[in-house]
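Below is one structure, written out as structure tokens; the observations come after it.
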Amino acid sequence: MMRKGDDRFRAVHEDEPLFITGRRTGRVIAYRVFSASVFFCICWIWLYRVTAPVEVDENRTGLVRFVWLVMLVTEIWFGLYWIVMQSPRWNPVWRFTFTDRLSRRYGDDLPRLDVFVCTADPVIEPPLMVVNTVLSVAALDYPPEKLAVYLSDDGGSELTFYALAEAAEFAKVWVPYCKRFNVEPRSPAAYLTCKASGFDSAETEEVARLYKEMAARIETAARLGIIPDEARLKYGDGFSQWDSHATRRNHGTILQILVDGRKGNTVTVPTLVYLSREKRPEHHHHFKAGSMNALIRVSSKITCGRIILNLDCDMYSNNSKSARDALCILLDEKEGKKIAFVQFPQCFENLTKNDLYASMMRVGYDVEFNGLDGNGGPLYIGTGCFHRRDVICGRKYGEVEVEEEEESEYISETEMIKALASCTYEENSQWGKEMGVKYGCPAEDVITGLGIKCRGWKSAYLNPKKKAFVGVAPTNLHQMLVQQRRW
Ligand SMILES: O=c1ccn([C@@H]2O[C@H](COP(=O)(O)OP(=O)(O)O[C@H]3O[C@H](CO)[C@@H](O)[C@H](O)[C@H]3O)[C@@H](O)[C@H]2O)c(=O)[nH]1
Ligand SMILES: [Mn+2]
């Protein structure tokens, strides 16, 4: 947001909203007529059941009366269920943003944005895929000095760290290249796949060569499980944080700032941070919710972005303008003030046309989320969501927002920041309850979003034609069952 007392941009187009909320009247009326007709039928069925005489039970077994009673109860139950299910369909809305107005009003004076990418297992989530996600957000259309990308590695894997270190080097070429040539999408793997038939310029060819070399180094390291010696020397500060008996479930906090764009450092690449929070077998780690809370605390002492974007490691940014779209909602002077978070749908690139397991969730994302948005806002679904930092940390609607702090002159000591990601930090605190992402539920995202709503906030749903984030969905029955059981 703007700095205190800085109103250079305020005067420009002050009154124009940054987004509008649209309704599709024809479609809504058609649905309501259909819905009313179904309701009418339901009422008739109820009336019939209650008024039609029960046949005389000749054998006096009571069976006929019993069947009648069960039918009555089931029909009432289905009817009520159907009525409740109309709420996410009754009043759908669509949001449209004006990023040009945002640019005119704020220029590059945008709030700091911290992106959290979570990964947990270098085998299931290959480091090369993870760094593609990181690179795609590092190249967002956003001032690099205002952007920071944090990778949380719950797998505590040297391979993931190595891949991120390689990506930090490659980013110095990739980010300026994307901005200069307005590249889309900004995940190098996805972009270079579309260009596979031929490169249009010498620059693209050079970038493709550098990417392929990097990818080969990362994949070889992952396959052999060996980090090259040169990398160990070059990134000694990072690797030295793994002691000889560190395992996935038992290690200290590992924190390395690979690119430091804080005060005084001119950068073309955003701040890039690797974090693997402390894990000990005797302490519960609370899965992704635990890692998100560690990220919230650690980032608060590094860049303290006022806005937080949270992404699963398999969801790359497919539209470099998505952060600006979300800010159109969050920074809107009138309507935006009530909105705590902006949720984009989860889209997937690995599905076939028939989408055997219905992973596209089309009813959810194309119908019900718009309906929920007309009713206070969609759920938080754990990825592709822009939050206000202070709201996720517990601010209630109506409480005064703390002005964005200038980055402090004093850069906190790494050891002090590491303590924020220790296993014991949250003991006897409100973390996981009133603060941060909630614990105790496998679908931590949904209950966290509902908790925010209970504090008086609304949310907004953005589903632009050009998909904002694209990921990987389960493709076989086993993976699908595991996921559904957790939800
Ligand atoms: O201990 C853990 C476990 C998972 N993750 C990360 O959490 C994300 C989601 O986990 P995944 O196993 O891929 O679950 P999905 O079922 O695919 O995730 C969906 O469902 C989750 C729970 O509702 C949401 O948090 C996710 O955002 C949503 O994409 C991934 O990036 C993981 O790396 C961690 O960081 N630490
Ligand atoms: Mn997933």
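Cβ from N, Cα, C; glycine included.
TrEMBL lists Glu125, Asp154 with the feature UDP-alpha-D-glucose binding site. Taken from TrEMBL, the feature Mn(2+) binding site covers Lys288, Asp312. What TrEMBL records for 29-47, 67-85 is transmembrane segment.
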Same-chain residues at least 6 beyond the ends of the transmembrane segment (29-47) whose Cβ lies under 8 Å from its Cβ atoms
75-76, 79, 82-83, 86, 89-90
Tell me which residues of the chain lie with their Cβ under 8 angstroms from that of Asp154 (UDP-alpha-D-glucose binding site), as long as they are six or more apart in sequence?
Cys118, Thr119, Ala120, Asp121, Ser276, Arg277, Lys279, His285, Phe287, Lys288, Ser291
Using DSSP with the three-state reduction, classify Asp154 (UDP-alpha-D-glucose binding site) as helix, strand or coil.
coil
Using a Cβ-Cβ cut-off under 8 angstroms and a sequence gap of six or more, which residues of the chain neighbour Glu125 (UDP-alpha-D-glucose binding site)?
Thr119, Gly155, Cys313, Asp314
Around Asp312 (Mn(2+) binding site), which residues of its chain at least 6 apart sit with Cβ under 8 Å of its Cβ?
Val117, Cys118, Gly382, Thr383, Gly471
Counting across all protein chains, other CB atoms within 10 angstroms of the CB of Lys288 (Mn(2+) binding site) number 21
Expected list for ligand 2 (Cβ under 6 angstroms, binding-site residues Glu125, Asp154, Lys288, Asp312) reads Asp312
What does DSSP say about Asp312 (Mn(2+) binding site): helix, strand or coil?
strand
